Amino acid sequence: MVGPARPQIVLFGSSIVQMSFGHGGWGAILSEVYARKADIILRGYYGWNSSRALEVVDQVFPKDAAVQPSLVIVYFGGNDSMAPHSSGLGPHVPLTEYVDNMKKIALHLQSLSDFTRIIFLSSPPVDEAKVRQNQSPYLSEVIRTNDLCKTYSDACVELCQELGLEVVDLFSTFQKADDWKTVCFTDGIHLSAQGSKIVAGEILRVVKEAEWHPSLHWKSMPTEFADDSPYDLVSADGKQTVNSSEWTYFWEEQWD
């Protein structure tokens, strides 16, 4: 382990999580925003559903760990909501089982510590035409529809309301933009840089508005090694140094 110890923010989910550290990804955005404040830890698993996640949740988040995460952001549902395959194989999970799985995951995370906070992300919509267009010749037919996405998204939101958890309703949020189909995805399913900006912005909004003590909003968290130093850059007048520990001018977008 490296020091100093920082709060941990864990991203736990399927491909939208695994790919979130790619160029312009929402995980990368959070890493930039929380630089020198918290460690963003990636636990993303391409193709996974809530059933597979439930099988390993106690290994990813052991209850006896010396340090527990301050925040866990969870996304499963996109693969669960795929239409069932005629073979009985594949990632589809019936709706009631999906809700039960997500509830068990939430309860496990709540048991980690009194200060572990949780945000669920619901299933975003898809560009159905583009999904069909990009069908891989190596895979049996992948059936994703917005009717199914909405059903699973609504169930996730309802579960979070029942458990008192924070949730980002991605299905509704994405569709606030008229051109969401063309700007939010790379292949009709996975997120473009613009789609990731929407996700990051919603997460940061939820964290800012949440009444958590201590606050996990990035502006409320101390910056590591932020003391003034004679080794800092020298000001234009040449008489003093300028502390750069809080600079954000290089961000592509100035986040609140």
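Sequential numbering from 1, following the chain as shown.
Glycine too: its Cβ is placed from the backbone N, Cα and C atoms.
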Feature N-linked glycosylation site (Swiss-Prot), candidate list ASN134, ASN243, assigned to ASN243
Alpha-carbon distance [ASN79 (N-linked glycosylation site); ASN49 (N-linked glycosylation site)] in Å: 6
Quick one: of ASN49, ASN79, ASN243, which of the glycosylation sites has the smallest count of other CB atoms within 10 A? ASN243
Give the number of CB atoms, excluding that of HIS213 (active site) itself, located within 10 Å of its CB. 7
Is any of the recorded positions SER15, ASN79, HIS213 within 10 Å of ASN243 (N-linked glycosylation site) (Cα-Cα), and if so, which, in sequence order? none
Inter-residue C-alpha distance, ASN79 (N-linked glycosylation site) and HIS213 (active site) (nearest angstrom): 34
